[in-house]
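Have a look at the structure below, then the notes.
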Amino acid sequence: MKTEWRPTLAVIGGSGMYQLPGSQLLDQLNVETPFGSPSAAISMVKFNDQLLAFLPRHGPAHRVAPQQINHRANLWALASVGVRAVISSAAVGSLVAGQPRGSFSVISDFFDRTWGRADTFYDGGSAAGVQHLPAADAFCPQLRSLLIDSLRELAEPHQQQAVVAVINGPRFSSPAESAWLTAAGAELISMTQYPEPVLAAELNLGYAALAYITDADTGHDGSEPVSAALVMSRLGEAQPRIQAVLSVLVSKLAASYQPQERVPAAAVAAVLQLPTSAGA
């Protein structure tokens, strides 16, 4: 998409974050993609004296359920306006004692338990062909390091790595499901952290997730089991902390940041040159 705005960094807001706290809105771009419409218009904002793109994952006022998010459209739209780095803000539940409620976690790996989600740009149906993405480092090590440094600088309680299990939603897990995921090695649980990381990597975008732990899922630690109301309440209380972490991160991210090339650049260019639904 041709635009005067060319931000290096985008923030994808999760539940409870439908605009970027502390930012000044400069413009809103309605981007049509080859994969349909994104969750919302892309907001170009000034945040900590830097230009950022912001996109609410669930759309305005949480109108899009987790299993219905058009992740391909969201990531394609961000790449089309020049974004090279994506920070995901996500509410997650804890499955283990080592990931306590009220703390942050910098996700390092995922366990996909979703179904029916379009999770590749390279299905062989276009000139981009079929590509096989290495997923050993789906979360960008450079961006993860910056998030960890930002959390440390603010003395925020955090875990430097975590395996997240991604369920389909919109319902939460049963106790048996939660126990099974824990036994499989998952430490956190989410409904949205797949396929965002792999789709970002398929477009050669750096991606990292700032996860805020709102609950202990089904209450394995004796606490109240998760509910939507509980998640939203605790996220609301945490917004100033999340804003502070993002502010420090923005100050640390160099405009010259270049993500790792995971897919041949020619294949990425072919995807970004596909005709949009508006032009079809």
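Backbone N, Cα and C define each Cβ position, glycine as well.
Annotations in TrEMBL come from automatic prediction, not curation.
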Listed co-binder of phosphate (same site as ARG57, HIS58, THR192, source TrEMBL) among SER15, SER94, SER227, SER233: SER15
Recorded positions: MET191, ALA216, ALA228 - member with fewest neighbouring CB atoms within 10 Å: ALA228
Alpha-carbon spacing, SER173 (site 'Important for substrate specificity') to ASP217 (substrate binding site), which is rounded to whole Å: 7
Protein Cβ atoms within 10 Å of SER173 (site 'Important for substrate specificity'), excluding its own: 22
Those binding-site residues listed as ARG57, HIS58, and which of them has the most Cβ atoms within 10 Å of its own Cβ: ARG57
